[in-house]
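Data block below; observations after.
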């Protein structure tokens, strides 16, 4: 039994807090809004993010960060990627000894092109014992209903990953695998949000399953190209944190990236979409970062480029789809052949 702090009282942080509580751990769920924390402690609910869900008594809400961190050795980092550096700066000021951080946010930082684990390592320095990444096809709305869910964990220190695997594993509904390919696990989890935005746009435009299947398949090729250019194992993209996460995010109404894309496809502007969502849409920032990184590395990512033009250059979504369809002829398996040839 562990005392574990979960930083970020949104849907995913709350869902993981529930898993940990079900596993017998004492969970301190931190959020910066006092009224939300009061609701968690007094009503055992978090209605804005997970309506209708009762939270276990083992979850205690905190709005005081240092109090939430007092004496804990394991911290689950579930804040949006844009808030990671500022939150970790505050975390450092509270610590008396190094901690293990379980990073569960998915994204790549624009400008620096850092993955989440790299951001954590940079910000924490000597205060970091280990960083473990948890990723996979896992909508919070289904986890809190205790529906079967499977994820993977990865770390530069696989002994730490196995310890986190044990802490999160629930034999009734939450299965955890290990995967030593940290780069692949993070890239797959981050870039699937880009393709989910594109899939939502396709659905919003009224295109059917054929178009979405093509976006998912060719999107996976883009993810693998960029991931392997960064040093990932191509087989990771055939697993939970690759095609698994891609499928669930591109096909479910629970996906905020898909929902945002759907509204864009129906003609709404990006600012209007983000305001109406009321929650972070990680794929927007990740599209910018992946676009920049692909240019830097010379990796072809036509879907990402088309989405970038829609999000940041005002291109009409239908015109973006038309431009993808009008691309020159090519051999479908060139991507895979080149990737595996580079591994030899």
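In case you wondered, yes, glycine gets a Cβ from its N, Cα and C as well.
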Candidate from 97, 106, 318 that Swiss-Prot assigns to the same NADPH site as 11, 12, 32, 33, 140, 256, 280, 282: 106
From 130, 245, the one annotated by Swiss-Prot with 106, 136, 138, 192, 255, 256, 257 for sn-glycerol 3-phosphate: 245
Collapsed DSSP category at residue 138 (sn-glycerol 3-phosphate binding site): coil
Candidate with sparsest Cβ neighbourhood (10 Å radius) among 245, 282, the listed binding-site residues: 282
Residues near residue 192 (active site, proton acceptor) in space but at least six apart in sequence (CB under 8 A): 106, 219, 223, 242, 245, 246, 249, 250
Where residue 11 (NADPH binding site) sits in the secondary structure, as DSSP reduces it to three classes: helix
Residue, out of the binding-site residues 32, 106, 256, whose Cβ gathers the largest set of other Cβ atoms within 10 Å: 106
Those residues of the chain, 6+ apart, with a Cβ under 8 Å from that of residue 11 (NADPH binding site): 49, 50, 140, 141, 279
